[in-house]
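Undergrad: I have a structure here, written as structure tokens, and I will follow up with some questions on it.
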């Protein structure tokens, strides 16, 4: 027991010496002297000195009538613009492979997919899911459903290519050839 007390006492003195050594080594004054307050300087307005105004002398200009000469009208030549605007062909809607639908709205397709895989009792209606992708080209519909499946918006971890083709078949859509849901 005496060894524990002596070890605790030795640790106390070691920390005490370390503390006072570090505080003394910082060369910090304990009582900083207060800063003297500056005396307020009253603002004295500067006197306004009027600027002398000197009138400019009047110089009369002789009035000479100008001869009346008709000016011929010359048509200005049309200059072609240096940078012609390129003609951009009109974009066909749906051929871009972009999804114009918010992927979170495709969560209604989860009921269709889970009902087809016998995860849910009863037959869910594919109408809400199919109505979302109804106006899209097959490529855009595939891109939208692929995005929803990859982001796991549907909440089901499945084989993405099989799930994609199942959802498209339910809505009477075709998976475009050479389309890969990457």
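Cβ coordinates come from backbone N, Cα and C, glycine included.
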Undergrad: Between the candidate ranges 42-81, 122-161, where does Swiss-Prot place the region '7 X 5 AA repeats of P-[KS]-V-P-[ST]' annotation?
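TA: Spelled out, Swiss-Prot records region '7 X 5 AA repeats of P-[KS]-V-P-[ST]' over residues 42-81, not the other listed ranges.
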Undergrad: Could you please provide the mean pLDDT value for the region '7 X 5 AA repeats of P-[KS]-V-P-[ST]' (42-81)?
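TA: Overall, the region '7 X 5 AA repeats of P-[KS]-V-P-[ST]' (42-81) comes to a mean pLDDT of 65.
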